[in-house]
Amino acid sequence: MNKQRGTFSEVSLAQDPKRQQRKPKGNKSSISATEQEIFQVELNLQNASLNHQGIDKIYDCQGLLPPPEKLTAKMLGIICIVLMSAVLKTIVLIPFLEQNNSSPNTRTQKARPCGHCPEEWITYSNSCYYIGKERRTWEESLQACASKNSSSLLSIDNEEEMKFLASILPSSWIGVFCNSSHHPWVTINGLAFKHEIKDSDHAERNCAMLHVCGLISDQCGSSRIIRRGFIMLTRLVLNS
């Protein structure tokens, strides 16, 4: 009986080391599982970090234009600025160029004060004109012109001059007359007057006047009804 107990004890003791050897195996599996879990967590964190960085890069890239598109946008901006500058220059320069390119005849057709003419006179085609708007007879107008040096009552030279002066003073005496209805029309300088004068058949209408309808005749002593002025002329050689 003691032998059996001893054997059993030995067997039991012999079996105990096996059990003791199994326990380390259980510890190793627990450690390895823990390490795997830690590794998996670290891996997940790394992946999450990489994914976050990738998303940030994507958003950053979305806020920027690719180089070709950026270059195109810059070129379009430069073109717009150049075109706007050209339009502004055109708007500013066209009136200036038109004024400078206007012909001398066009410039002289405009009534304007001239430094070479007396004050309150106007210039047209190298001549100075004084527009007298007072109501006077033909004789009074002739005397008013004679009182000014180198001036005379106007005698029309051409159609352009006649239209120009009629636009300024629609009714005015001119330096043209006739002695009777049977005599020719002459200027105050004694030269034959070549332009047609309407209503010249009346015996008492021996003085000519400029009207919007052209040249007409009237009584030399008349200053009635229509406000008749007069035009004095002084011819000068004006510098351009």
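Heads up, the Cβ atoms here are built off N, Cα and C, so glycines get one too.
If you check Swiss-Prot, you get these features:
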type     : residues      : note
COMPBIAS : 1-12          : compositional bias 'Polar residues'
REGION   : 1-31          : region 'Disordered'
TOPO_DOM : 1-70          : topological domain 'Cytoplasmic'
TRANSMEM : 71-93         : transmembrane segment
TOPO_DOM : 94-240        : topological domain 'Extracellular'
CARBOHYD : Asn100        : N-linked glycosylation site
DOMAIN   : 116-230       : domain 'C-type lectin'
DISULFID : Cys117-Cys128 : disulfide bond
CARBOHYD : Asn149        : N-linked glycosylation site
CARBOHYD : Asn179        : N-linked glycosylation site
DISULFID : Cys207-Cys220 : disulfide bond
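In this structure the alpha carbons, written CA, of Cys207 (disulfide bond) and Asn179 (N-linked glycosylation site) are 9 Å apart. DSSP classifies Cys117 (disulfide bond) as coil under the three-state reduction. The most densely surrounded of the disulfide-bonded residues Cys117, Cys128, Cys207, Cys220 is Cys207 (count of other Cβ atoms within 10 A of its Cβ). A Cα-Cα distance of 25 Å separates Cys128 (disulfide bond) from Cys220 (disulfide bond).
A straight line from the CA of Cys117 (disulfide bond) to the CA of Cys220 (disulfide bond) spans 29 Å. A C-beta separation below 8 Å, combined with a sequence spacing of at least six in one chain, links Asn179 (N-linked glycosylation site) to Asn206.
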